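*Asks:* Summarising the annotation, TrEMBL assigns substrate binding site to 18, 271, 272, 273, 274, 275, 333, 337, 474. Look at TrEMBL and you will find 48, 52, 54, 171 tagged as Zn(2+) 1 binding site. For 54, 159, 171, the entry in TrEMBL reads Zn(2+) 2 binding site. The feature active site, proton donor/acceptor is assigned by TrEMBL to 58.
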């Protein structure tokens with residue numbers, strides 16, 4: 001099968017560090033002649049020295065640290081591709097490779113030939129590639145460069161968006177001697193619990209080439225590579241029992257065994273499935289909104305429009321779910337309501353993530369997740385990130401429309417306050433649609449989402465009132481009274497206000 005190949009930088013006095021960072025040094029602190037038995041060395045270094053893995057805490061105070069890494073990401077099959085002589089790596093460059101089903105992607109750029117000198121400039125990732133890679137299933141990306149962002153970047157937008165897409169970052173690889181292809185890969189971080197990064201010794205072992213007429217697939221049950229001859233699949237149906245099935249792909253055994261009734265009452269199944277299905281739709285909605293934000297931030301508005309339409313359709317599905325739940329009568333609900341304890345839709349962390357992504361920020365709502373550290377960190381990160389509307393306001397500024405600077409560089413975790421410059425900019429867009437057609441289309445797509453959000457909230461309130469009246473909610477909220485207050489919140493307020501002034 002071949003030998004393991006080291007693709008990490010040697011750690012010695014010659015290793016280059018980021019300008020201003022801690023220089024690597026190793027010294028024998030205690031010699032055998034002194035101790036009588038051993039030599040003991042001392043290392044001084046930055047956690048970003050040489051080949052290393054960045055933790056989100058490196059660029060986000062609320063981000064995950066090294067201790068929070070999923071170690072599975074750093075062990076398994078990896079694809080090495082070569083993209084030389086490019087200043088920016090975008091979808092055009094990546095689309096020439098078959099990356100479907102890949103989890104780990106290592107990119108050889110050959111743009112840092114002399115590693116004894118820190119580079120002045122390097123190729124970097126176009127923001128639009130992040131959604132593309134996420135859709136392909138990529139969970140780790142590695143480069144033979146000191147950063148995935150431009151050297152001069154202070155905002156580190158690529159780092160932030162990769163983290164948002166849950167894609168781990170491996171920097172400083174040595175791939176000069178590595179051919180493109182598939183490899184067995186190991187690059188485990190050190191157990192540096194609170195650190196913002198970790199050095200790693202990354203290694204590869206070449207995987208055997210698959211013969212023509214065969215395809216390599218990952219089995220859904222044991223994550224080992226199984227070769228399936230396509231001819232056998234066509235001509236010998238009995239072989240199909242060894243391949244991935246519809247149920248395997250969708251994990252139906254897990255999905256359909258996740259409805260656990262506590263009361264035994266017939267209608268509890270309806271209640272469970274409606275809420276589980278809604279959570280799945282919300283997961284997809286988050287996936288799409290995050291992609292839209294990336295597209296808008298990288299000024300690819302046309303790509304954002306299609307996905308925004310999809311988000312509106314997902315909202316329609318969520319609204320329709322209330323029409324099914326409302327068939328549950330008060331008498332039927334009371335048969336199992338007490339079994340719910342203190343659980344409540346108010347505790348849906350995905351709904352909070354959607355609120356944050358749409359621009360409804362209230363960090364006080366994080367308190368109920370404090371005992372769930374991973375969820376709390378995820379929500380805190382989302383609360384501090386630019387929302388869909390923040391990205392749209394940035395697009396107004398990019399188009400040359402005058403936006404107050406404190407709107408572009410504000411604390412995104414704070415509640416959004418309507419702003420006169422933003423309203424005037426949108427008003428200009430609506431009055432000069434030919435000049436600002438893309439922004440006009442963006443505004444109307446946002447209004448579609450805002451309207452659907454209103455409909456969802458109204459339907460939620462009406463359904464709750466029909467089933468429990470004015471009772472206090474299971475989570476301790478004031479029930480319908482609370483939902484009526486929520487209904488007063490309008491997304492994207494300037495887009496509503498300008499209609500009066502047209």
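Note that Cβ sites are derived from N, Cα and C of the backbone, with glycine treated the same way.
Bear in mind that TrEMBL entries carry predicted annotations, made automatically and left uncurated.
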*Asks:* Highest Cβ count within 10 Å among the binding-site residues 48, 52: which residue is it?
*Replies:* 52
*Asks:* Going by DSSP, is residue 58 (active site, proton donor/acceptor) sitting in a helix, a strand, or coil?
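*Replies:* For residue 58 (active site, proton donor/acceptor) - judged by DSSP and reduced to three states - the answer is helix.
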*Asks:* Between the residue listed as 'active site, proton donor/acceptor' and residue 18 (substrate binding site), how far is it from one CA atom to the other, in Å?
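*Replies:* Answer for this pair: 14 Å between alpha carbons.
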*Asks:* Express the distance between the Cα positions of residue 333 (substrate binding site) and residue 159 (Zn(2+) 2 binding site) as a whole number of Å.
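*Replies:* Approximately 47 Å lies between the Cα of residue 333 (substrate binding site) and that of residue 159 (Zn(2+) 2 binding site).
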*Asks:* Cα of residue 171 (Zn(2+) 1 binding site) to Cα of residue 18 (substrate binding site): how many Å, rounded?
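*Replies:* Distance (Cα to Cα, whole Å): 12 Å.
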*Asks:* Within 10 Å of residue 159 (Zn(2+) 2 binding site) by C-alpha distance: pick out those among the binding-site residues 18, 48, 54, 272, and say none if nothing qualifies.
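*Replies:* The binding-site residues passing the 10 Å Cα test are 54.
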*Asks:* Going by DSSP, is residue 52 (Zn(2+) 1 binding site) sitting in a helix, a strand, or coil?
*Replies:* strand
*Asks:* Using a 10 Å cut-off between Cα atoms, which of these binding-site residues sit near residue 18 (substrate binding site): 48, 52, 54?
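*Replies:* Checking Cα-Cα distances against residue 18 (substrate binding site), the binding-site residues within 10 Å turn out to be 48.
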*Asks:* How many neighbouring Cβ atoms, not counting its own, are there within 10 Å of the Cβ of residue 274 (substrate binding site)?
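*Replies:* 15, counting other Cβ atoms within 10 Å of residue 274 (substrate binding site).
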*Asks:* If you measure residue 272 (substrate binding site) to residue 52 (Zn(2+) 1 binding site) at Cα, how many Å is it?
*Replies:* 44
*Asks:* Measuring Cα to Cα, how many angstrom lie between residue 48 (Zn(2+) 1 binding site) and residue 274 (substrate binding site)?
*Replies:* 47
*Asks:* By a simple count, how many Cβ atoms lie within 10 Å of the Cβ of residue 272 (substrate binding site), its own Cβ left out?
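*Replies:* The Cβ of residue 272 (substrate binding site) has 16 Cβ neighbours within 10 Å.
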*Asks:* Find, among the binding-site residues listed as 18, 333, the one whose Cβ has the highest number of other Cβ atoms within 10 Å in the structure shown.
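*Replies:* Its Cβ has the most other Cβ atoms within 10 Å: 333.
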*Asks:* So among the binding-site residues 54, 171, who's got the most Cβ atoms within 10 Å?
*Replies:* 54
